[in-house]
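Data block below; observations after.
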Amino acid sequence: MSSYFLNSFSGRYPNGSDYQLLNYGTNGAMNASYRDSTSMHSGSFGYNYNGIDLSVNRPNNGHFGAVGDNSRAFQNPSQETRYRQSSCSLSSPDPLSCATSDTLELKGSSPPSDQSTPTGNSRLTNSNNLTSSNSTHFADTDETNVSSETEEGAQTTTTSHTQKQESVATSTTTPNDGQTPQIFPWMRKLHISHDMTGPDGKRARTAYTRYQTLELEKEFHFNRYLTRRRRIEIAHALCLSERQIKIWFQNRRMKWKKDNKLKSMSLATAGSAFQN
């Protein structure tokens, strides 16, 4: 089975010595194969691996004769120190340790992939900063929108509350106005029936001022009967109601008739006495 596998491998890959296989022979060969196997899979460790150089001449001593010696042809001595750090725990005969390999790596020139990582990290940090700033900007705009919406809602609620209070105030003041109306002279309604009932249920006597009586007497001297228009004008001028003006003129005419009747009666008696 092993011979068939080896023959098939050599048939497929003419440069068999160029492709390294794990050799479980002696200790030195095993260590060499483990150390050199990293050169084939160096891409998995993040190093710069340019591929296998197939231009090397095929040796005459079989396919798997000297694996450790042929493997040295594919790598530079400067790269050996870097590749050896990945298998430092496996290579027992070498005195190199992880600490020394780390110091060598720090002192040596970093590969292009290592050099590209800071720039990539800086780009990532810049993109993260941009996204965070955008997110904060959007959060600020959302907060301002929310704050503006809450302020508008509060203003609408306050306006509605004030309107409700005004409506309640008007509804409460209307019955009070109906009970005790406060009517100014220029707002006085002329056909308001004022409550003039006294304590005994009778109509209270209207007390006119001297100025009102004088003005009414002057008007009665010129006109014993008033038209509706003139009555309204006098009522507004004297701060009285139309009904009060009408009643005063009725009473004044009755008094005037009574005085004239007495005067005519006295004249009649005087004339009859003179005739006799």
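Cβ coordinates are placed from backbone N, Cα and C, and glycine is handled just like the others.
What Swiss-Prot says about this one:
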REGION    63-182  region 'Disordered'
COMPBIAS  86-98  compositional bias 'Low complexity'
COMPBIAS  110-120  compositional bias 'Polar residues'
COMPBIAS  121-136  compositional bias 'Low complexity'
COMPBIAS  144-182  compositional bias 'Polar residues'
MOTIF     183-188  motif 'Antp-type hexapeptide'
DNA_BIND  201-260  DNA-binding region
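Summarising model confidence by region, the DNA-binding region (201-260) averages a pLDDT of 91.
Note: the DNA-binding region (201-260) comprises 43 helix, 1 strand, 16 coil (DSSP; helix = H, G, I, strand = E, B).
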